[in-house]
Amino acid sequence: MINIRPDEISSIIREQIEQYDQDVKIDNIGTVLQVGDGIARVYGLDQVMSGELLEFEDKTIGIALNLENDNVGVVLMGNGRQILEGGSVKSTGQIAQIPVGEAFLGRVVNPLGAPIDGKGDIASTETRLVESMAPGIISRKSVCEPLQTGITSIDAMIPIGRGQRELIIGDRQTGKTSIAVDTIINQKTEDVVCVYVGIGQKASTIAQVVNVLDEKEAMAYTIIVSASANDPATLQYIAPYSGAALAEYFMYNGKATLIVYDDLTKQAMAYRQMSLLLRRPPGREAYPGDVFYLHSRLLERAAKLSDALGGGSMTALPIIETQASDVSAYIPTNVISITDGQIFLSNDLFNSGIRPAINVGISVSRVGSAAQTKAMKQVAGKLKLELAQFAELEAFSQFASDLDEATQKQLARGTRLREILKQPQNSPLSVAQQVALIYAGINGFLDNLAVSDVKKFSASLIQTLASQKSYIDVVGKTNQFTEEAETLLKEAIASTKTGFATL
């Protein structure tokens, strides 16, 4: 027979009564009126905030974007196939935020901060709002430190400073992503945290970027945020903001960060798709009226912080894809007006074998010159002018048959300078190496070399300097092109030249 112990039963009941929670929990619940194309119309959520996260019955999360008289327009962060008409929707009382922290370095995540690289969960205790305010005027400091890309033509003529926004713009397949990836690889010795945001890219393209960064040991200081072409438009729309939130964590902790948005054209397209489905009035090229604000609020988050806030920085390299080199289209002109300069990549230059295919004539850096190293300023001061004059003369020389000697010399030097600025992919150069090559070209040391030998000479000179070390040490320590450095460089050029036939 079972022995019943009343004292035990009464103690359990007493414990249950003590733990009883009398609080009444009120949930704000609505009903799905309509769902499809990544959009849901919800009735009954009168208390919802703009931008608030909503949870559907199948655990899909959505963002309330349109607050109308009789319903709420919600964009879905999943495929929404399990959401049914008449189903319930619960407001969460939260705005979109993602986990952040050091543990994200070396990982590939989606725009919600969830890992997608199969390497397990990411341990994180901190979160940041996906859409947070940009630093104000007092919180900022003017750009004063260089961010070396390792690409000679950029560091010499279109210098980028830490905290700057420099647009990379050009047609498809002109090497835009390559410039951004090379810049990330070049930060290996610079203690810069990098974030690469792939928006609407093919998954294979993002996998290729991850592989290149892995090979070059750059993943150790890089975070990849991926919203590929098969992800919902909502994820493609918030991906850049999520990337900015991850970079901001490091920036506010006093570190230098670099963020690449590849590319903002596809983000604008995703936003246009969402806006049209939400029945917002279309404007120019069917984009909604606030597409300028879409990009300006994102790019304003890049800054060089004041010393009082730790002196961290976020440098942004947004990428824009043009159609048939049309820089005057809506999205390109918007982003050009927001950024502090642009690097324009030309299809014609790319096809003629000049890579990186940078059109120096219409590329500009508005604030970077203040951050350029003194050594580069001393040597590359007249490089842009030389190349501009050369381009003009080259166009003229196609029509003129007999050219005077001075013009022929200028054309010969320009051709050799252009050869020096050609650079293979994934092989960034240090400042000292760049200074050496430009010095050799601009001061006529290559004028009597065959054009076909210039590339080989450049490679040999870099090897010679690497074996001697003294020149690289002088420029590296002082960041100036001193008389001692010039003497050492002249000796290296002379010894390298002995292995080449002169004209």
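Cβ coordinates are placed from backbone N, Cα and C, and glycine is handled just like the others.
Applying an 8 A CB threshold to same-chain residues 6+ apart, the list for Arg172 (ATP binding site) reads Glu321. Classification of Arg172 (ATP binding site) by DSSP places it in coil, neither helical nor stranded. The ATP binding site annotation in Swiss-Prot covers Gly170, Asp171, Arg172, Gln173, Thr174, Gly175, Lys176, Thr177.
DSSP classifies Ser363 (site 'Required for activity') as coil under the three-state reduction. Sequence-distant neighbours of Ser363 (site 'Required for activity') (same chain, 6+ apart, CB under 8 A from its CB) are Met157, Ile158, Gly341, Gln342, Ile343, Phe344. The site 'Required for activity' feature in Swiss-Prot is assigned to Ser363; the stated evidence is sequence analysis.
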Just to be sure I understand the packing, how many Cβ atoms besides its own are within 10 Å of the Cβ of Thr177 (ATP binding site)? 22
Using a 10 Å cut-off, grab the number of neighbouring Cβ atoms around the Cβ of Gly175 (ATP binding site), all chains included. 19
Sparsest-packed of the listed binding-site residues (Asp171, Gln173) - C-beta count within 10 angstroms: Gln173
Other residues, Cβ within 8 Å of Gly170, Asp171, Arg172, Gln173, Thr174, Gly175, Lys176, Thr177 Cβ centroid (ATP site): Glu321, Leu345, Phe350
Cβ atoms other than its own within 10 Å of the Cβ of Lys176 (ATP binding site), all chains, total 25
Neighbour tally for Gly170 (ATP binding site), based on other Cβ positions within 10 Å of its Cβ: 27
